[in-house]
């Protein structure tokens, strides 16, 4: 476990989150209501679920820009299966399998072709999005019409509460703990960090680079699919556009949370804190009357700022480390002739 000193970035995120909540509370008094803060998490918690899986991919030195289309594909797969008479539980499992298959295909294409992950997943973004549209057409839901009519119990999954706490928030916390343990406490997590830092060295060291990276994409696909099911429950409708806006806020949360776009660093705690920062930013801006167009623009600015700030922080850290090494070298015993 990190020491408090080693969690400087996460502590900074926590301070930023508190300041953000205080600012919006001053601008709109109703924003400070604890019940409202808890219930409003349902508006962005699906993005957080996507971000958890995306963190694994980025830590391993990859990127997956197809997660939004995977969200849509899983939702439509579930909806179409249910429309054809398959029990809802099995239909949900098929949706999760669709997400796993999407992640596995991404990993296969990346590891076999050795093409940059950005290029591969950009192609599968359109592939999975197109498949979602085709599937929705098989049940007459042409374009971006939704598949609705789900049982009330399904809608309750994303709209019910335990006391004041929404079910999706509990799900997110549980998933964050599991993925956090996987990344921070398991052999797999250590291997993923090493591969993200230097995959060539990891390969020469005998680490199963292909297998480790494949699992990161599969897990990201499954979590994106789960987010699709949560959104379908939340809106009581499975649509081919459910994940169309998922990528930018999820990627912003991952990078703002401390993951390097070059791989080898990042934490689930940082991602979780960043999810709440990004989510409450959108909700807070809406609460004070800012249009969605401006709030989306600010999200893009936040992503750029997060990348720049994280890169600058890493550069300063390395500079201080190099200076420390130089001081120790100069202050050491003189070399023997």
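Each residue, glycine too, has its Cβ placed from N, Cα and C.
Summarising the annotation, TrEMBL assigns transmembrane segment to 12-31 (among others). Residues 37, 256-258, 270, 273-274, 276-277, 280-281, 283-284, 287-288 of the same chain lie 6 or more positions beyond the ends of the transmembrane segment (12-31) yet place their CB under 8 Å from a CB of it.
Residues or ranges marked as transmembrane segment in TrEMBL: 37-58 (among others).
Feature annotation from TrEMBL assigns transmembrane segment to 88-113 (among others). A Cβ distance under 8 Å defines the sequence-distant neighbours of the transmembrane segment (88-113), meaning residues of its chain 6+ beyond its ends; these are 62, 64, 66, 69-70, 73-75, 77-79, 81-82, 120-121, 124, 128, 150-151, 154, 210, 213-214, 216-226, 228-229.
For the transmembrane segment (125-144), same-chain residues at least 6 beyond its ends with a Cβ under 8 Å from one of its own Cβ atoms are 65-66, 68-70, 72-73, 75-77, 79-80, 83-84, 102, 239-241. Here TrEMBL flags 125-144 (among others) as transmembrane segment.
Residues or ranges marked as transmembrane segment in TrEMBL: 164-184 (among others). Same-chain neighbours of the transmembrane segment (164-184): 1, 34-35, 38-39, 41-42, 45-46, 48-49, 52-53, 55-56, 59, 156-158, 192, 219, 223, 226, 230, 234, 267-269, 271-272, counting only residues six or more beyond its ends whose CB sits under 8 Å from a CB of the stretch.
Panel annotation: around the transmembrane segment (215-236), residues 42, 45-47, 49-50, 52-54, 56-57, 59-60, 62, 64, 67-68, 70-75, 78-79, 92, 95-96, 98-104, 106-107, 110, 146, 148, 150, 154-159, 168, 171, 175, 179, 188, 192, 242-243, 246 of the same chain, lying at least six beyond its termini, place a Cβ under 8 Å from a Cβ of the stretch. For 215-236 (among others), the entry in TrEMBL reads transmembrane segment.
Annotation comment: TrEMBL describes 242-261 (among others) as transmembrane segment. With a threshold of 8 Å between CB atoms, the same-chain residues lying at least 6 positions outside the transmembrane segment (242-261) that come near it are 9-10, 13, 44, 46-48, 50-51, 54-55, 58-59, 63, 65, 67-72, 75, 196, 224, 227-228, 231-232, 235, 267, 269-275, 277-279, 282, 296, 299-300, 302-303, 306-307, 310, 314.
Annotated transmembrane segment per TrEMBL: 268-285 (among others), in sequence order.
Within the chain carrying the transmembrane segment (297-317), a Cβ under 8 angstroms from the stretch's Cβ atoms is held by residues 9, 248-249, 251-252, 255-256, 258, 260-261, 265, 274, 278, 281-282, 285, all 6 or more beyond its ends. What TrEMBL lists as transmembrane segment is 297-317 (among others).
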